[in-house]
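Presented below is the structure to which this report refers.
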Amino acid sequence: MPALLTNYYNLSELQVGLTYLAIGVGVALGGFLNGKFLDINYRRTAGEVGFTINKISGDDMRSFPIDEARTRFANVLILLDFFILVSYGWACARKAPIEVLLVLQFLLGFLQTCIVQTFNTLLVDVFAANASTASAAGNVTRCALSAGGVAIVQPLIDSLRYGYVFTIIGAMTGISGLGAAILIRLKGPINVDDTMPYIDPEFDAPQIPDRERYEGTQVDDNVLAALSNGTRVLWAATHGVSFWAITTKIDTENPDGRKQSYFLKVYTRAAAQAQSVGEYESTKALHAVIPDHVPRPVAQGALAKNPGRAFVMFEFKDMIEELPPAAELVAVIAKLHRESHTPNGKFGFSVPTSQALQLENTWCDTWEEFFTRAFRGTVKLEQEVQGYSEKLQRLADEIVTKVIPRLLRPMEIDGRRLKPTLVHGDLWHGNVAIDAMTEQVIMFDCGALFGHHEYDLGMFRAARYRTNRAHVRLYHQHAEISYPVEDVDDRNALYALRVDLETSVAWPANKRMRQLAMEEMKRLVDKYPDGFEGWHSTQAS
C-alpha cells in the first residue's frame with residue numbers, strides 16, 4: 001500500500017503514514033463494537049434455545065450452541081469485506097480521490113477486525129481448557145498466511161491492474177471465510193464439553209498425611225505373607241495419592257533373583273475390609289476379561305499390625321497419567337462389555353463395591369430392578385450426608401416411579417433381553433491411564449458390577465471429567481445402542497444423575513452437586529410425566 005499511495009497519489013512518507021490512522025480507527029472501533037455484537041448474539045441465541053445465562057458462577061456450555069451464537073452474522077461480515085476490498089482495488093486503479101480510499105481503509109480495518117475477533121472468540125470458546133494454546137495457534141496460522149499473501153501480491157501487481165489483484169485477493173479470502181462459516185454452522189465445531197473439563201473448586205486434591213508417609217524396607221507381615229516364599233523387600237515407599245487409601249510401591253526380589261514391583265493400597269476407614277474386598281474382586285473380574293488393560297490383583301486382607309485397616313495389592317504398572325486416545329479407550333471398554341459374561345444371567349455382583357461408598361450389588365433378575373434399588377440407596381445416602389431435602393426426595397420418588405420405568409423397562413419387554421455385561425463402574429478420567437511399557441490403555445480402581453453396557457458411559461456426561469460425549473459417540477461405533485435408540489441420551493443422563501448423587505455423598509463440602517442433580521431430575525420428570533404407561537400406550541396404538 002505505501003508504494004501504491006506514493007506512485008499513484010504522490011504522497012510523502014509522512015502523508016502515507018498518516019493514512020494508516022484511518023485503518024487504526026477502524027480496527028479500534030471494530031474491536032469495541034464487535035465485542036458488543038458478540039454479547040448480543042450470545043444472549044439472543046440463549047433466548048432462542050431456552051438457555052439461562054448465569055452471570056455469577058458462569059454458564060454450563062455442554063448443551064449450548066456456541067458455534068451458532070458466535071457466527072450468526074459472520075457471513076454478512078465476510079461478504080461486506082469482499083465488496084469493500086474489491087472496491088478498494090478498483091478505486092486505486094481508477095485513481096479515485098484520496099478521501100474515498102481513506103473511507104474504504106477505515107471500513108476494511110473495521111470489518112477485518114470483526115471477522116478475526118469473531119473466529120478467535122469461537123476458537124477460545126471451543127478450546128477453553130487450552131485457550132492460550134488455541135489463540136496462539138490461530139495467530140501463528142494467520143501470520144503464516146499473511147506472509148504467504150505478501151509474497152504473491154507484488155508479482156500479481158506487476159502483472160495485473162490493482163483492480164484485478166484485489167478482486168482475486170477478495171475472492172480467495174471471501175470463499176475461504178464463507179466456507180469456514182458455513183461448515184461451522186452446518187456441522188458445528190467440537191463440542192465445548194469435548195475439550196473443557198469443569199473441575200469444581202470444592203473438589204480438593206488428595207493429600208498424603210505426614211504420619212502416613214514411609215520409606216524403608218519394612219512392610220506389614222500379612223502383606224509380606226501374600227508374596228512368594230522367600231521374597232525379599234528391597235524398598236517400600238508411599239507412591240502417588242488416593243482419595244480413599246494410602247498407596248505404596250514395594251520393590252522386591254524373588255529367590256531366583258527376579259525383581260518384581262507391587263502396588264499396595266491400604267484402606268483406613270471404617271469400611272476398610274469391605275472396600276478392599278470390593279476392589280480386589282472387581283479388578284479380578286476385569287483382569288479375567290481384559291488382562292492387558294488391568295493390573296493383576298495379587299492379594300487382599302487385613303493388616304496384621306492394624307486389623308482395622310485392610311489392603312489390596314496388585315502387580316505394579318508404571319503409568320503415564322494422561323487420558324488415552326479416545327478411540328483406544330472406548331475400544332477397550334467395548335471389549336470388556338462384549339466379552340464378559342455374568343455367572344448366573346442376572347444383574348449385580350458377588351460382593352458390595354465401593355466408589356467411596358458401599359453399594360449393594362445383590363443379584364436382580366432385571367436391570368430396572370437393580371438400578372431402581374441402587375438409585376434409592378444412593379438418594380438415601382445423599383440425604384444422610386447432605387441433610388434431608390423434601391424437594392430432592394419428591395423429585396427422586398418421581399424418578400423412581402416414572403422416569404426409571406420409562407427409560408429402562410422398554411429394553412426388557414416384548415421379548416427383548418438385556419445382556420448383563422461387566423462394567424468398570426467408576427470410569428472417570430482419574431481411573432484410566434497409559435501403560436508406560438506397552439503404551440496400552442490401563443484401567444484401575446474398579447467398582448464393578450454386571451449391568452447395562454451403557455451404564456459405564458454415565459461418567460462421560462459431566463463437564464468435570466475429561467472424558468466426554470465424544471467418547472460416547474465413539475463407543476457406539478463398537479457397541480449397539482439399546483432399544484429404544486431415541487432414548488439413549490436420556491438413559492445416559494439418568495446414569496449420570498446417579499453419579500452426581502454419589503459425588504455429593506463422597507464430597508460432603510460440595511453443595512453444587514445436589515443442585516445439579518435436582519435440576520436434572522426436574523428436567524427428566526417434566527419430560528416424562530406419564531412414565532412407562534404413557535409410552536407403552538403410544539406403542540400399542
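Every residue, even glycine, has its Cβ placed from backbone N, Cα and C.
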When TrEMBL is consulted, the range among 103-128, 493-518 described as transmembrane segment turns out to be 103-128
When you scan the chain for residues with a C-beta under 8 Å from the transmembrane segment (163-186), skipping those not six or more beyond its ends, what do you find? 67-68, 71, 74-75, 78-79, 81-83, 85-86, 88-90, 92-94, 115, 119, 122, 149, 153, 156-157
Per the 3+ Cβ pairs under 8 Å rule, pairs at least 6 apart in sequence, do the transmembrane segment (73-91) and the transmembrane segment (103-128) touch? yes
